[in-house]
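Enquirer: So TrEMBL lists the following for this protein:
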{"type": "DOMAIN", "residues": "A:62-156", "note": "domain 'FtsX extracellular'"}
{"type": "DOMAIN", "residues": "A:181-298", "note": "domain 'ABC3 transporter permease C-terminal'"}
{"type": "TRANSMEM", "residues": "A:27-48", "note": "transmembrane segment"}
{"type": "TRANSMEM", "residues": "A:173-194", "note": "transmembrane segment"}
{"type": "TRANSMEM", "residues": "A:225-248", "note": "transmembrane segment"}
{"type": "TRANSMEM", "residues": "A:268-293", "note": "transmembrane segment"}
Amino acid sequence: MKKRTNPIPQILRQTGSNLAKTWPTQIMGLFTVMLAVLIFSFFLLVHLNMLATGARLGEELRLTVYLEREIEPPLMARLEQQIRQFGDIAEVRYTSRQEAFARFADQLGEERDILDNLGPEFLPPSIEVTPKPSLRSPDDLERLAAHLLTLPDTTRVQYGREWLRRFSAFNRVLQAVVLISGVLLILNMIFTISHSTRLAMAARREEIEILRLLGASRSYISIPFVAEGLLQGGLGSGLGMAALWLFYQRIGNPVNDPGLLGLFTPSFLPLPVTAGIIVGGTLLCVVSSLLVVNKALRI
Amino acid sequence: MKKRTNPIPQILRQTGSNLAKTWPTQIMGLFTVMLAVLIFSFFLLVHLNMLATGARLGEELRLTVYLEREIEPPLMARLEQQIRQFGDIAEVRYTSRQEAFARFADQLGEERDILDNLGPEFLPPSIEVTPKPSLRSPDDLERLAAHLLTLPDTTRVQYGREWLRRFSAFNRVLQAVVLISGVLLILNMIFTISHSTRLAMAARREEIEILRLLGASRSYISIPFVAEGLLQGGLGSGLGMAALWLFYQRIGNPVNDPGLLGLFTPSFLPLPVTAGIIVGGTLLCVVSSLLVVNKALRI
Amino acid sequence: MNNSVPVSDFTVECLKLGKTYPPDITALQNVSLTAAPGEILFVTGVSGAGKSTLLKLICRRESPSGGMVMLFGQNLARIGSAEMQLIRRRIGVAYQDFRLLPDLSVMHNVAMAMEVDYRPRRLIRQRVGRLLEQLGLTDKERRPVSDLSLGEQQRVAVARAAANQPALLLADEPTGNLDEKSGALVMALFRELAAAGTTVIAATHDEKLHRDSGHQVLRLERGCLVEDTRHEKAY
Amino acid sequence: MNNSVPVSDFTVECLKLGKTYPPDITALQNVSLTAAPGEILFVTGVSGAGKSTLLKLICRRESPSGGMVMLFGQNLARIGSAEMQLIRRRIGVAYQDFRLLPDLSVMHNVAMAMEVDYRPRRLIRQRVGRLLEQLGLTDKERRPVSDLSLGEQQRVAVARAAANQPALLLADEPTGNLDEKSGALVMALFRELAAAGTTVIAATHDEKLHRDSGHQVLRLERGCLVEDTRHEKAY
Ligand SMILES: Nc1ncnc2c1ncn2[C@@H]1O[C@H](COP(=O)(O)OP(=O)(O)OP(=O)(O)O)[C@@H](O)[C@H]1O
Ligand SMILES: Nc1ncnc2c1ncn2[C@@H]1O[C@H](COP(=O)(O)OP(=O)(O)OP(=O)(O)O)[C@@H](O)[C@H]1O
Ligand SMILES: [Mg+2]
Ligand SMILES: [Mg+2]
């Protein structure tokens with residue numbers, strides 16, 4: 001009976017010596033993975049923030065029901081109930097003549113002095129109806145407006161038809177851009193990582209074949225490569241996200257400038273997305289290594 | 001004296017047979033180049049359009065000089081001269097009470113009926129001054145406003161300070177995003193193409209070395225590789241731009257929707273940029289091939 | 001072998017072995033042979049006679065188009081890939097084209113065969129040192145294989161094949177790049193291994209190596225066995 | 001040579017040639033030799049004696065650490081890289097490790113040497129066909145080199161070296177993988193080339209090849225010339 005040792009340390013040694021021997025390629029690979037992850041997450045960050053801005057714009061959407069006369073609270077409660085029957089209504093708010101005048105003055109901003117010789121009576125009282133996000137298509141709003149017109153004392157229902165069309169066109173463009181760029185960038189990441197893995201492997205195909213001829217087990221051959229993919233993917237993705245964070249700090253600040261008045265409050269990728277990208281990048285590297293090593297093993 | 005033929009056909013034959021032998025790698029390389037060019041030009045397209053939108057927003061920027069009373073044309077001509085003295089003024093336009101009222105009614109849109117019982121007299125006459133793009137920083141406009149206040153009959157100078165701050169913050173973000181993404185995408189293109197070239201070359205290093213041992217001239221060895229880079233780069237870049245055009249047709253249409261009211265009129269990359277990208281992508285491939293072949297020749 | 005019942009006294013048995021490479025290149029035809037533990041067997045024949053093909057079939061680098069190979073009493077075609085890994089570690093092969101890793105040191109190349117078998121490091125050091133000494137390579141042990149002369153590389157290939165004290169050693173043209181003296185070192189190693197029970201099968205065109213050695217000789221011609229010193233009468 | 005004035009009657013002259021590989025491996029020391037057109041010269045010695053190193057110095061695959069090489073009357077160290085390309089096409093080298101392209105056909109591998117010299121295609125076809133016939137490889141001419149036995153590959157390497165009817169042919173261990181009969185084919189080719197004026201220098205450990213051949217023999221030992229059949233008295 002021949003003496004044999006525990007295989008684990010031997011395999012670990014093999015992994016370590018592989019890493020030590022090929023570190024220039026490894027560093028290049030690391031940098032490649034980092035760049036791929038950085039590009040992907042950079043555009044994800046930009047696009048998520050654009051989508052968030054789009055959503056925030058959407059929140060400004062509301063319908064105004066102009067009324068013939070001021071309404072007392074009990075009647076208002078009945079009206080609100082009737083409105084909410086339509087479904088998917090987020091908020092219903094009554095605005096008296098007085099409030100309407102104050103708000104209009106606000107909207108005029110520096111031009112408010114043109115109202116100086118007018119009294120609050122010239123604006124009618126109104127009810128503002130804010131639909132939920134699920135109810136934002138032009139068609140839905142048309143139906144809601146028709147429903148609101150059936151309420152008693154309603155003179156007119158008004159909502160930013162023009163604005164809504166702008167907004168939904170903008171959203172459609174944004175979604176198309178996000179979709180296409182997502183696909184392109186994922187493809188890019190897959191291509192880049194698989195290229196880098198194949199490049200690293202090209203130099204070692206010979207080694208794999210010889211190990212097989214000597215009767216090395218599949219795990220003896222694969223584990224070093226997979227460990228390498230794990231290390232490279234994990235480190236590369238992590239560094240990519242770190243670089244993104246640095247960029248974010250630099251761009252985030254000018255944006256947080258009160259200049260944009262809360263319309264565009266940037267936020268970093270949420271933690272689960274960050275984690276997802278790192279895990280995804282790592283997995284991509286590992287899977288790519290496994291595929292390449294398996295291909296080499298099959299020969 | 002031994003018989004020798006014209007070297008050109010022999011080198012061309014060599015190129016052709018190389019292409020024929022390695023077409024699967026070639027196709028992969030082509031696809032890689034195409035993807036890299038597509039990603040780069042896609043984001044360039046999106047960003048150029050965003051910048052154009054930013055610029056268009058900037059064109060809406062003007063200062064309004066409110067006047068105490070209506071002004072006759074001869075006086076107006078003098079005033080205009082005085083204003084233009086400041087320099088970098090694009091347009092100066094007089095608005096009478098009548099015109100101001102009409103425009104305000106327009107701006108109110110569906111809410112215009114609130115003006116029903118008001119006469120045109122309640123809005124003052126004004127001069128609108130549009131600065132050139134070179135005069136759009138908050139500071140410059142502050143100085144221009146001060147200059148305008150010194151004009152006779154001026155009661156007040158007004159310009160969208162809020163709006164201006166929003167706009168310049170937005171522009172700063174946009175520029176940072178464009179800058180960072182430009183650098184990242186160029187790096188990505190360089191990396192991708194050089195990876196793909198090195199991968200294609202790895203299989204042929206042996207061939208190059210043997211050709212050298214046999215006394216092949218540098219051009220005999222290099223030309224096939226450079227031709228390959230040229231073909232791959234030219235075709236790949238061209239296909240990438242073609243794919244971008246297809247995408248543009250698909251996204252361009254919803255955007256051309258009148259919904260956006262001219263705020264965002266998309267345009268494809270201008271011809272020189274398109275040509276530049278194709279030439280640049282091709283050059284990158286050729287240079288990358290040359291570098292790799294030269295490295296192999298040095299060994 | 002430790003955990004399988006030996007059903008044969010032979011390390012290798014080939015039965016009517018044939019090999020046709022696509023499209024129709026018949027490299028081997030109807031070759032039968034046996035090799036017992038401790039036996040040294042020479043396979044000879046001119047260039048292209050099928051010597052390497054025979055060795056490749058025995059270590060399953062190629063699969064036969066006809067006939068079968070029994071290795072340690074098992075039908076080679078029926079061995080699963082996991083078990084084949086274990087069997088490969090018990091077969092040492094010195095390839096005609098060496099198949100060494102040029103960037104690794106001589107020591108490391110030889111040690112590899114023992115490392116994949118998870119041998120203790122001390123044992124590996126001892127064994128590798130001794131083998132390199134026997135083959136006159138001690139002063140090259142830390143050099144990358146690419147720095148060696150081809151004759152030196154050939155001896156490294158032989159050392160690697162012998163490293164695990166294999167039950168079967170296949171050597172393809174082990175002295176092709178060697179002078180008489182170095183060739184003798186290789187032969188001495190083969191004899192030592194055989195004395196410890198290893199079956200050695202060596203393909204060679206080198207008449208000096210086997211003539212008057214007393215070892216068995218098989219001669220191939222265009223893929224057919226035309227001479228077998230043990231069964232002279234059969235031909 | 002066509003456009004340079006010949007200043008020497010010798011194809012190759014080596015003067016006190018030495019080669020030390022880093023860090024301190026002396027592979028060759030103080031070796032002088034001359035080889036005239038039409039001469040066949042054998043370099044012998046045990047494995048590691050420095051035979052391949054000598055040939056590598058002559059074709060400038062390595063540069064000498066001492067002494068100098070004159071090729072066609074020119075100091076090899078002074079030849080520019082563009083001219084060296086032309087000279088390489090006039091030297092055929094059969095490497096000890098062949099250096100063939102395994103994926104290309106036999107024909108294509110041999111033709112390569114003539115293609116880089118821009119020879120007419122008809123001439124290439126003729127010459128390649130004839131060489132392969134002489135070396136017994138006609139039926140393999142369309143096969144990729146990787147499908148060949150090593151002895152066959154060795155002959156392809158010799159064929160490529162001879163393709164351009166070079167002024168100088170260097171052959172490193174050209175019969176290492178060959179049996180006596182195939183070796184004789186190679187020797188016949190060398191003699192034919194020499195008769196047409198080619199200088200042939202062959203490194204070999206194969207005594208059969210040069211013993212009683214009447215050709216000149218140099219013997220190296222640890223990098224030093226210890227025997228030169230032309231200048232017996234010198235040692
Ligand atoms: N690149 C190198 N770096 C270091 N040492 C080398 C190198 N090439 C050869 N050597 C050493 O120089 C010596 C002579 O080598 P060379 O290849 O000339 O021997 P050889 O006579 O051709 O032997 P063989 O018959 O085995 O081919 C050997 O000891 C070898 O290890
Ligand atoms: N993979 C292959 N595909 C096609 N033909 C092959 C292949 N391998 C070997 N052959 C052919 O089979 C025949 C026998 O080859 P083999 O390598 O067994 O010869 P050999 O006896 O080892 O010769 P050598 O002494 O030259 O090494 C040769 O004619 C060879 O060309
Ligand atoms: Mg063989
Ligand atoms: Mg040698």
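All positions are counted from 1 along the displayed chain.
Positions of Cβ are set from backbone N, Cα and C atoms, glycine also.
Where the annotation comes from TrEMBL, it is an automatic prediction and has not been curated.
Source: prediction; values computed, not measured.
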Enquirer: Same chain only, please: residues at least 6 beyond the ends of the transmembrane segment (A:27-48) with a C-beta under 8 Å from a C-beta of the stretch. Say none if there are none.
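Expert: Same-chain residues near the transmembrane segment (A:27-48) but 6 or more away: 174, 177-178, 181-182, 185-186, 188-189, 192-193, 195-197, 199-200, 232-233, 235-237, 239-241, 243-244, 247-248, 268-269, 273-274, 277-278, 281, 285.
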Enquirer: Within the domain 'ABC3 transporter permease C-terminal' (A:181-298), how many residues are helix, strand or coil going by DSSP?
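Expert: Counting residues by DSSP class gives 101 helix, 0 strand, 17 coil.
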Enquirer: Report the DSSP secondary-structure composition of the domain 'FtsX extracellular' (A:62-156) as helix, strand and coil residue counts.
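Expert: Grouping H, G, I as helix and E, B as strand yields 49 helix, 21 strand, 25 coil.
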Enquirer: Taking the domain 'ABC3 transporter permease C-terminal' (A:181-298) alone, what is its mean pLDDT?
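Expert: The predicted confidence over the domain 'ABC3 transporter permease C-terminal' (A:181-298), as a mean pLDDT, is 84.
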